[in-house]
Amino acid sequence: MSVWHISGGRRLSGSLAVQGAKNAVLPIMAASVLAPGQIELLNVPELRDVDTTVRILRTLGCGVEREGDAVNIDSRGLARSEIPHSLMRELRSSVIFLGALLARCGRARLSMPGGCELGPRPIDLHLMALRALGARIDERGGDLVCTTPEGLHGADIALPTPSVGATENAMLCACAAEGETVITNAAREPEITELQSFLRKLGAEVSGAGSATVTVRGGPLSARRVGHRIMPDRIVSATYLAACAAAGGDVELRGVCPEHFSTVLRSLSECGCDIMSKGARVRLRSDGNLTAPMPVITGPYPGFPTDAQPLMLAACLRAKGTSVFVENVFQNRFRFTEELLRLGARIHTEGRVAVVTGVQALHGAPAVATDLRGGAALIIAALSAEGRTELLDSGHVARGYERFDENLRALGADISRT
Ligand code: UD1
């Protein structure tokens, strides 16, 4: 358990290099077991979810070394295909090991994954895709026991929703399936394109990522030495910009892909922020006096990212007028708003919609981080509030942000963590 101590009211200014993307590195680490190989990943963020994934890889028999932002994975010694419940429950993306292990070993045994509490997060689409590829999946004592009695074969997989995780699982498993797999209504998130480029380095024939149709031509993968640099985190980028927008200031982010979060940039600019992006840099200037943006409606990429909704909402708490948020991806993604009320915010939620009426000022208060991005939203609000906030956090924020307090302090914030 940690406590964030934040004294708000300080402007943020300075320049920051943004960490590698959590949601890109986790499936890539899982993909590293697809074939016996030696993988060097660079720009790997230091996060609790990455540490847990390292532990999963070691449990499976892989050698894993970490040095600075580099993680070296030697998957030649992989000897097991089971992941214990204690590790599975720590993060949702552990479920991506299902496709990877089926591809490598032809079998896997793991329990239902954990992750953020954002309402029901089923894995039916993951299982549907893997079954279509030839996997037999039985539930035994809370575990998913997966085998491939007749081997894996290519299939047409039509996803009813463009699920990021199900697309990733299907892509990994299809790499070892005989013949062609076509995934339609695939997720189009940048992390899918990143996974495709890693899989190609492993020798897999994958195309179409970034569009709604991903095609994989499966076959045996040979042992390889592969190096890969993880793309920048678009949600972390959005977080620092939203914090600067709310608190006021002048912040430049380096090493980012602004086109990955253009919807967020558009909303922040509608709020009155002055935004300039050039190459891998984006600079945001805000006087802290924002105006409500056009309604923020989340959706699968290229829509407004659901993970950035709490951040944007926090930035709008003092914005002049009424800001409207429609959450189309996850139910229960407004739980964090109850905590924001403690800081003096005016928010009315009903089902998928949250309406924020801008207030003159927020005030510091004790609050609780309900989930990863909800916790970050509370920190953004606290940075723009008058007085002191103590945020109780059972480890949610550290799942997604590397050196968050240190980075915010470097920008001039008064924040510490005990
Ligand atoms: C990933 C991201 C998460 C992000 C989300 C949506 C990772 C590690 N996490 O999560 O940060 O918020 O994409 O951009 O990359 N669904 C089903 N059945 C399934 C799978 C999903 O009904 O089998 C539903 C979910 O409940 C949700 C929607 O599909 O309503 C989208 O979920 P999905 O894209 O799968 O999210 P994740 O991959 O879990």
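Just so it is clear, glycine is given a Cβ too, placed from its N, Cα and C backbone atoms.
What TrEMBL lists as domain 'Enolpyruvate transferase' is 7-408. As annotated by TrEMBL, phosphoenolpyruvate binding site applies to Lys22, Asn23. According to TrEMBL, the UDP-N-acetyl-alpha-D-glucosamine binding site annotation covers Arg92, Arg121, Pro122, Ile123, Asp124, Leu125, Asp307, Val329. The feature active site, proton donor is assigned by TrEMBL to Cys116. According to TrEMBL, the 2-(S-cysteinyl)pyruvic acid O-phosphothioketal annotation covers Cys116.
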Checking proximity to ligand 1 here: which binding-site residues out of Lys22, Pro122, Ile123, Leu125, Val329 have their Cβ closer than 6 Å to it?
Pro122, Ile123, Leu125, Val329
Please identify, among the binding-site residues Pro122, Ile123, Leu125, Asp307, the one with the smallest Cα-Cα distance to Asn23 (phosphoenolpyruvate binding site).
Asp307
Pop the Cα-Cα gap between Lys22 (phosphoenolpyruvate binding site) and Asp124 (UDP-N-acetyl-alpha-D-glucosamine binding site) into the table, whole Å please.
23
Can you count the other CB atoms that lie within 10 A of the CB of Asp124 (UDP-N-acetyl-alpha-D-glucosamine binding site)?
10
Please work out the mean pLDDT for the residues of the domain 'Enolpyruvate transferase' (7-408).
95
What whole-number Å value do you get for the CA-CA distance of Asp307 (UDP-N-acetyl-alpha-D-glucosamine binding site) and Lys22 (phosphoenolpyruvate binding site)?
12
Which of Lys22, Arg92 (the binding-site residues) has the most other Cβ atoms within 10 Å?
Lys22
Whole-number answer please: how many Å between the C-alpha atoms of Leu125 (UDP-N-acetyl-alpha-D-glucosamine binding site) and Lys22 (phosphoenolpyruvate binding site)?
22
Going by Cα-Cα distance, which of the binding-site residues (Arg92, Pro122, Ile123, Val329) sits nearest to Lys22 (phosphoenolpyruvate binding site)?
Arg92
Near Ile123 (UDP-N-acetyl-alpha-D-glucosamine binding site), which residues of its chain come within a Cβ-Cβ distance under 8 Å, counting only those 6 or more away in sequence?
Val95, Met112, Pro113, Gly165, Ala166
Using DSSP and collapsing to three states, where does Asn23 (phosphoenolpyruvate binding site) fall: helix, strand or coil?
helix
By the DSSP assignment reduced to helix, strand and coil, which category contains Leu125 (UDP-N-acetyl-alpha-D-glucosamine binding site)?
helix
